[in-house]
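TrEMBL annotations:
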BINDING   D7, S8, Y39, G40, N71, T72, T195, H196  substrate binding site
ACT_SITE  C70  active site, proton donor/acceptor
ACT_SITE  C194  active site, proton donor/acceptor
Amino acid sequence: MAVGIFDSGLGGLTVLDAVAARHPELPLVYLGDNKHTPYGVRDAEDIFNLTCAGVSRLWDEGCDLVILACNTASAAALKRMQETWLPADKRVLGVFVPMIEALTERRWGDNSPPREVAVKHVALFATPATVASRAFQRELAFRAIGVDVEAQPCGGVVDAIEQGDEILAEALVTSHVEALLRRMPHPEAAILGCTHYPLVQAAFQKALGPDVKVYSQPQLVAESLGDYLQRRPEFLGQGGQSRFLTTGNPERVSGKATQFLRYPIRFESS
Ligand code: DGL
C-alpha cells in the first residue's frame, strides 16, 4: 500500500516529512533525482522525460499513486503526463492545487466560478521554469479574481541547498525577496512555490517581515492526500516498505538530507 513521492532532489523531503507525520501508518517510497537536479533551469521536454523516468521507477516499487513533490515538474510536465502518458490504473498528483485552494479559501473539488478572495497581493517565489510556465497564475485564475501576483524566479537557491550550503541559500533568499519587494512593496501573502524552499523558510519569513503570511506546501499536500486516499483507496499500490532512493550518490545525499531535516535518513541507489 505504498505511496511514491518524487522530486528532483532533496526538496520533496519536506513533503515526505509532512505526509509521514500525518499518515504514520503509510509506507512511503521517496525518489530524488539528485543526479539531474536542478530541474528549474531545464526545458519542458527535459523535465517531462526525467519526471516520467522517475515516476516509472516508483511504479516498480509498487506505488500506483505518486506525488510529484516538485513544483517545477508539476508546472512543466504534469498536464502532458496526464493527457498523453499515464495508464488508467495509475495516478500522479501535483502540489500546486492544494496550495491554491488554501489561498483562495476553497475546499477540495469546489469547481464554482472564480470569485473575490481576501488576499489581493501575492508574492510567488519559485524556480525559473515554474515562473516561466505561469502555471500558478493559470490555476489561480480558475478560482479567484482580482489577485495581483508578482513572481520572483529564485535562481541558485535549489543548487545551494543541494550543495548543503545553507549560508549561500539564505543569502540568495534575502536578495530574491528584496528584488520582489522593490516591485511589490506590500504583499499580504507569499507562496513558497518550490518544495526546497521550506528548508529555508525562516530566511523567507525574516526577509518578508512578520506581517506577510507565508504559505508552504508540505502540510497542505499531506492533508489533501488524506482526502484523496479516502475517496480513492484503490490507488494504494502493492508496495509495503518505506525506502529512500536516489539517482545520485547515496552517501552524499543521505548526509545532506540528514543535515536539512535534522534526523538520520539513509538513501539507497535507485
Ligand atoms: N523541489 C523542486 C520544485 O519544487 C525543485 C526544482 C529544481 O530541481 O529546480 O520546484
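Even glycines carry a Cβ here, placed using N, Cα and C.
Positions of TrEMBL features highlighted on the structure.
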residue: D7; record: substrate binding site; DSSP class: strand
residue: Y39; record: substrate binding site; DSSP class: coil
residue: C70; record: active site, proton donor/acceptor; DSSP class: coil
residue: C194; record: active site, proton donor/acceptor; DSSP class: coil
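Under 8 Å, Cβ to Cβ, and six or more positions away along its own chain, C70 (active site, proton donor/acceptor) finds F6, D7, S8, G11, G12, Y39, T51, V95, T195.
Within 8 Å of the centroid of the Cβ atoms of D7, S8, Y39, G40, N71, T72, T195, H196, where the record puts substrate, the same chain has further Cβ atoms from G9, G11, G12, T37, P38, C70, A73, T127, T130, V158, C194. Non-local neighbourhood of N71 (substrate binding site): V95, F96, A126, T127, T130, G193, C194, T195, Q217, each in the same chain, at least six residues away, with C-beta under 8 Å from its C-beta.
Taking a C-beta cut-off of under 8 angstroms and a sequence separation of 6 or more, T72 (substrate binding site) has the following same-chain neighbours: S8, P38, Y39, G40, I47, A126, T127, A129, T130, C194.
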